[in-house]
């Protein structure tokens, strides 16, 4: 990449990372203040718009990997972003009955803390060329608590939404139809739950390996 191309890339990624960082900072602020003032039942209504913005913006990270803007493997990025988009739009937005559950609060707090750390880390690297050691440690250590709480909340909310999927038949396609094809959203969601069984340990193991590599590299520098 040429000097000009590299500068444009860094500028774009800096703006992207800081914009999404501020989106997640809003989510965390609204989640915590609403939890303290009104209780967990009101949290989703308070965070809905910034949550949808911040999480949907993450779709661009898949494109970043595909076109070579970042070195993150798409095979690692796609499942995580895909599952979060599914929760954001396929569960929370689609089934309001889930909004008052305590798991919504644990979900958005787990996600937002994780992403505030991650986007500030990459924002610092793209903007200034480095990130402080404490931020690097947070980037590669907090997942050991926040990943299990986030995943548990995701699985729980999908499970909670299943009866409403079956009752409303939302996003279902029944036979007969001109495509000669049927689709049941509740069965697809059950399948997604099954994917969490091997997928979650795999991702956790991958992140542990990334942590070991990143902290060893920082120590040697």
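Heads up, the Cβ atoms here are built off N, Cα and C, so glycines get one too.
Quantities reported herein were computed from a predicted structural model and do not represent experimental measurements.
If you check Swiss-Prot, you'll see residue 9 and residue 177 are listed on opposite sides of the membrane. In Swiss-Prot, the annotation transmembrane segment applies to 52-70, one of the ranges 33-51, 52-70. In summary, the transmembrane segment (101-121) lies against the transmembrane segment (12-32): three or more C-beta pairs, each 6 or more positions apart in sequence, are under 8 Å. Contact counts against the transmembrane segment (185-209), taken as Cβ pairs under 8 Å, peak for 77-95 among the stretches 12-32, 52-70, 77-95.
Under the three-state DSSP scheme, residue 147 (active site) falls in the helix class.
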